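As structure tokens, the structure follows; a few thoughts come after it.
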């Protein structure tokens with residue numbers, strides 16, 4: 001069976017929903033950011049701080065390559081995984097790519113006081129979210145299916161992911 005690949009902006013519920021979907025479908029679950037942290041033996045924030053975004057993206061590419069080889073997995077990706085088109089090509093080989101989108105104020109609310117978001121360590125995080133969303137929006141269009149999670153519960157999103165997967169894996 002094909003993998004279920006969850007993409008989308010940070011704090012849209014990819015990991016939380018991914019774990020729920022994996023349990024429901026009896027799939028494995030993997031988070032590419034956690035893979036990167038294991039590879040580097042440090043947090044994503046520390047990687048950004050110590051080595052910068054370019055180094056992080058190299059590690060991310062390696063993690064995606066590894067994750068894409070798996071079968072029967074839900075793969076939650078980092079918010080910027082779409083910035084490298086080869087990542088999406090890799091993930092699509094054996095996966096259905098589902099993108100989560102949300103309004104900026106929902107993303108900001110979900111992030112809350114979480115300090116583990118290196119790209120948002122700025123004076124005006126909501127403005128930064130809007131800017132990043134605008135930059136990434138064209139890349140998110142490469143998904144097989146998009147879900148606006150803004151007004152949905154975790155259970156509703158998980159159900160929508162499963163329905164979309166069942167429809168799309170046939171194609």
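The backbone N, Cα and C atoms fix where each Cβ goes, and this holds for glycine too.
The ATP binding site annotation in Swiss-Prot covers 11, 12, 13, 14, 15, 16, 117. Annotation source Swiss-Prot lists Mg(2+) binding site at 15, citing sequence analysis. Among the features that Swiss-Prot reports, substrate binding site is placed at 33, 57, 79, 136, with the record citing sequence analysis.
This view paints the features noted in Swiss-Prot onto the structure.
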residue: 11; record: ATP binding site; Cβ within 10 Å: 22
residue: 12; record: ATP binding site; Cβ within 10 Å: 24
residue: 13; record: ATP binding site; Cβ within 10 Å: 22
residue: 14; record: ATP binding site; Cβ within 10 Å: 29
residue: 15; record: ATP binding site; Cβ within 10 Å: 18
residue: 16; record: ATP binding site; Cβ within 10 Å: 15
residue: 33; record: substrate binding site; Cβ within 10 Å: 23
residue: 57; record: substrate binding site; Cβ within 10 Å: 16
residue: 79; record: substrate binding site; Cβ within 10 Å: 21
residue: 136; record: substrate binding site; Cβ within 10 Å: 19
Reported as an integer number of Å, what is the Cα distance between residue 136 (substrate binding site) and residue 12 (ATP binding site)?
14
Residues 33, 57, 79, 136 [recorded substrate binders]: greatest CA to CA distance in Å:
18
Specify the secondary structure state of residue 33 (substrate binding site) as given by DSSP, simplified to three classes.
helix
Restricting the comparison to the binding-site residues 33, 57, 79, which residue's C-alpha is spatially nearest the C-alpha of residue 14 (ATP binding site)?
79
Would you mind reading off the Cα separation of residue 13 (ATP binding site) from residue 57 (substrate binding site), to the nearest angstrom?
21
Between C-alpha atoms, which of these binding-site residues comes nearest to residue 33 (substrate binding site): 11, 12, 15, 16?
15
